[in-house]
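*Asks:* Sharing a structure, written as structure tokens. Questions coming.
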Amino acid sequence: MAAASVTPPGSLELLQPGFSKTLLGTKLEAKYLCSACRNVLRRPFQAQCGHRYCSFCLASILSSGPQNCAACVHEGIYEEGISILESSSAFPDNAARREVESLPAVCPSDGCTWKGTLKEYESCHEGRCPLMLTECPACKGLVRLGEKERHLEHECPERSLSCRHCRAPCCGADVKAHHEVCPKFPLTCDGCGKKKIPREKFQDHVKTCGKCRVPCRFHAIGCLETVEGEKQQEHEVQWLREHLAMLLSSVLEAKPLLGDQSHAGSELLQRCESLEKKTATFENIVCVLNREVERVAMTAEACSRQHRLDQDKIEALSSKVQQLERSIGLKDLAMADLEQKVLEMEASTYDGVFIWKISDFARKRQEAVAGRIPAIFSPAFYTSRYGYKMCLRIYLNGDGTGRGTHLSLFFVVMKGPNDALLRWPFNQKVTLMLLDQNNREHVIDAFRPDVTSSSFQRPVNDMNIASGCPLFCPVSKMEAKNSYVRDDAIFIKAIVDLTGL
């Protein structure tokens, strides 16, 4: 007899992903790598299939429920019931943890000479190395951890500052541009040499400062001279003849334009009168259009109200349809459950004798060989109407010592409705048979339960651990004689001795 599987308890703790492989100062062995992130294991956990994972990686994988072990699938060693990742069966691998933490490590930061063990790196140096590159939260640039504070205070172009002249907030990169427009920025008068004149008062100073050079008042008619404010009158006296000549020239140039403007004025009056007539016509048209717009707006509002009512009705009907779909879905589930129970009741027997026909044998065996469906459970059967509930479990490509060479057949004690009235542990002789369909050479094996085994105690879960015959029938024997497999089907018979019940 052989037990199928046992699931040890486990727990998970959330930490960080694995250590970078650049940390190790020696050649890295594959057994120290996480099967998920492929980095050095951090707080290793071992799954029931034997693969190791970082605590963080395993928790991430199991966040959506139990999963198939990707490493088993990749290595081609997937095993049904074993290659499953679940929190209840994973456990902390303290031996691997001690090995990993004792590995020699070096700091990966350029220029850092720190050396020690991986455990010392995690507890004393990780995240604290002054030469480690970190991201500046302001400018998003990379700076060394030891220089981060100085960078944030004096060098970061995105650091927050305030103008020392007007106290306006700005970032470091915009200080110079702000000084070009700052109203309090100090300026120096080129005329009188006065310093620290706020920009907002500089133009007032220029108007009153006698030393500032300003354009001549006749610059509009051609004088290009600039003179100090206090010498403006002296300049006008000295340049009186030139200014009069410039003024005369401007007047002579403007005279013909004035005549043209007079003629243009009469044309403009005529155009204005024409435009007034057109405007009156357009006003009448606009009044008509306004009334039409109001009518269309009222129609649109009525349509909008009707649309909202229709939308509310559609939403109400949609909600009812969803409720009906949910109700139909629940009824479908209930119907499927009832159909399954009816099928189980039709297949069940109540005298301790059960014959199980396995159809599509070739296809099911091929699926077992491929590892897709290695085991099949039979319908339940009973020793009596109120007796023990049992089923069979068969591995068409073998299990354990019989894998690949034998047909493995197991007996399973299931949780039944009348277990409280029965005698435990289960102690009835069990006979298992592969029937020769010519009724000559049946393959028979029998055993009496080991009452100390958990397989035969009163079930706590839906079914106990399977127990039976991993070497029940050689595959070669079945293939050599075609009377065991006929019409692509085999028959398994189980007989439970009812003596003493």
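Cβ from N, Cα, C; glycine included.
In case it's useful when we look at the structure, here is the feature table from Swiss-Prot:
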MOD_RES   A2  N-acetylalanine
MOD_RES   T7  phosphothreonine
MOD_RES   T22  phosphothreonine
CROSSLNK  K31  ubiquitin cross-link
ZN_FING   34-73  zinc finger
MOD_RES   T117  phosphothreonine
ZN_FING   124-180  zinc finger
ZN_FING   177-233  zinc finger
REGION    283-293  region 'Important for interaction with BIRC2 and BIRC3'
COILED    299-348  coiled coil
CROSSLNK  K320  ubiquitin cross-link
*Asks:* Could you please provide the mean pLDDT value for the coiled coil (299-348)?
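*Replies:* Averaged over the coiled coil (299-348), the predicted model reaches a pLDDT of 89.
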*Asks:* Does anything in the same chain, at least 6 positions from K31 (ubiquitin cross-link), have a Cβ under 8 Å from its Cβ, and if so what?
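*Replies:* Expected: R52, A96.
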*Asks:* Look up T117 (phosphothreonine) in the DSSP assignment and report helix, strand or coil.
*Replies:* strand
*Asks:* Helix, strand or coil: which one is K320 (ubiquitin cross-link) in, per DSSP?
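*Replies:* Where K320 (ubiquitin cross-link) sits, the three-state DSSP reduction gives helix.
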*Asks:* C-alpha of T117 (phosphothreonine) to C-alpha of T22 (phosphothreonine): distance in Å?
*Replies:* 13
*Asks:* Give the number of CB atoms, excluding that of T117 (phosphothreonine) itself, located within 10 Å of its CB.
*Replies:* 15
*Asks:* Taking only the Cα atoms, work out how far T22 (phosphothreonine) lies from K320 (ubiquitin cross-link), in Å, as a whole number.
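*Replies:* Counting only the Cα atoms, the answer is 60 Å.
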